[in-house]
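Inspection log for the structure reproduced underneath, given as structure tokens.
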Amino acid sequence: MCGIVAAVTQRNIANFLIDGIKKLEYRGYDSSGLAVIDNKNNIVRIRCVGKVNELIKKTNKKKILGSIGVAHTRWATHGKVSKENTHPHISSNIIVVHNGIIENNSTLRGFLKKQGYIFSSDTDTEVIAHLLHWEQNKKKDSLIKVIQNSIKKLDGNYSMVVIDQNNPSKLIAARSGSPLIIGLGTEENFIASDQIALLHVTKRFIYLEEGDIAIVARKEINIFNKNNSIIQREEVVSNIEYKSAKKGKYRYYMEKEIHEQPKSIRNTLKNRLTNSNKVHFSELGSKENNIFYNTEHIQIVACGTSYNAAMVSRYWFEELANIPCDVEIASEFSSRKLVVRKKSLLITLSQSGETADTLSALRYSKKLGYLGNLTICNMKSSSLVRESDFYILTKAGLEIGVASTKSFTTQLTVLLLLVAKIINSKKENNNTSKRIVQTLSILPVRIEEILKKKQLIQDMANTLANKKNMLFLGRGNQYPIAMEGALKLKEISYIHAEAYPSGELKHGPLALIDKNIPVIMIAPENSLLEKNKKNIKEICSRGGIVYVFSNQEFDYEENINTIKLPYVEELIAPIFYTIPLQLFAYYVALKKGRDIDQPRHLAKSVTVE
């Protein structure tokens, strides 16, 4: 969500700060700003609504000379989108940027008004700035003590960076819930929400942990934990190449990431398939087999696209490994009383590993008596990975487009590998495990085949781009793929789309069918094909128009349009049929001229509940 970049250096940093938040645009935002303490010890602040390019224009009109400062992209949660609500916020000598939500904002605001503070915005961030200033004036303590005292009064999740004009040689960072990292330089140091903002200047990072406060100067860093004790945090060297954060020959990151899926899946499979057609996850270490041997039930918790991946895997766990599996949306999981089954393994699923609802669910689950918790994630350095008992990495590589593509298909790949691993661990049905391994081995080639069909899918997208509503249908493990197709279309084209199991058509959605609502059906050749054919006839008999993704021809009605795809093995069909739906959503959004990589109101990493 919001993006933070800060630096303390020997050079002028205004342009560096803007470059940093420019690299965080993919996180989603509606306004941006920066504040620098210049060489005359004045605070220079520039804020604007809209794209970072607007901030660049305003900054270029001023020659800002200063070596310490902070920049921010805002995604509105408290207060409308306006210049007044845009960060940084200032209270006399205190500069603050913040990501998160302060839940007792109203109470603190009322208290501070009684102390004589005047508010110029509706944000909870300005509350933090005034609270810090009040604490500083009251006790005359050092800024670190002021922050330690102030955060005790804050309810909610946050990451913040603070600069004191009276001590303009240090940045102070505090983290509770939302991610924050320190980038290590040579006689200069940096802070950011995400390493992508800093990869062009350093590959050395320290990840702040829950409750940490850090004092960051040019040559020195001191970190205090939640008990206010000085602590050393591990330095991590990033393996992400800066060039991977560029679009290359592609117009949008989403297009690039769709085409990277064969490579991403190969990376996900690499060193995990043994010569004996078994699965090995090196991340799990020596406990690898014991974890799964004792598992008698699986509970998966996720949000958004990750939830759809989890829904597919439920079919796999139950049909292939004979293990009961339940899937729940993370925000719902944390808000109700749960009955935990015996020997139940909790699995959390997240691309970023910083999804607030999923993190909250993981923390809640630790009180409930699960056998253990396993996270499947794309970011090794994430909070979810650090707080879980075990983790498996998807190895999708850097994903910048807000709409997930390769992270979804690599999640599905890992989940299917996990099914095979559980079968191996229980020493049951070894033929099924071998079949999974052998089928996954050819998946990248199958996806390369379907990417060659993109012109056919673009033609379909151009035909349907002016529609206001669409209906997606699928049966069995293709129903969650229909859900994912509808979600992708909504996210980037802003066309309303719904997904239903094909068998539910006559239980309500059939009332919507007419020539103006296209029906997108996923109907591969499998045991459910004949049932899908009956649904297609139902739609056509009511004047509906159907677009069918299948390896079979459907030419018995003039209202049927078949997007003929290559045959694919049933085990990997859900992953395979995801690709044309991603392409379809992309080309519809392209035709409509949408901002595909940064769709309105959405964020790549949802770090608030």
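Placed from the backbone N, Cα and C atoms, the Cβ positions cover glycine too.
What Swiss-Prot records for this protein:
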- 2-219: domain 'Glutamine amidotransferase type-2' (DOMAIN)
- Cys2: active site, nucleophile (ACT_SITE)
- 288-428: domain 'SIS 1' (DOMAIN)
- 460-599: domain 'SIS 2' (DOMAIN)
- Lys604: active site, for Fru-6P isomerization activity (ACT_SITE)
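Note: the Cα of the residue listed as 'active site, for Fru-6P isomerization activity' and the Cα of Cys2 (active site, nucleophile) are spaced 10 Å from each other.
Residue counts for the domain 'SIS 2' (460-599) under DSSP, helix first, then strand, then coil, are 68 helix, 26 strand, 46 coil. Least crowded of the active-site residues (Cys2, Lys604), judged by neighbouring Cβ atoms within 10 Å of its own Cβ: Lys604. Taken residue by residue with DSSP, Cys2 (active site, nucleophile) is part of neither helix nor strand, so it is coil.
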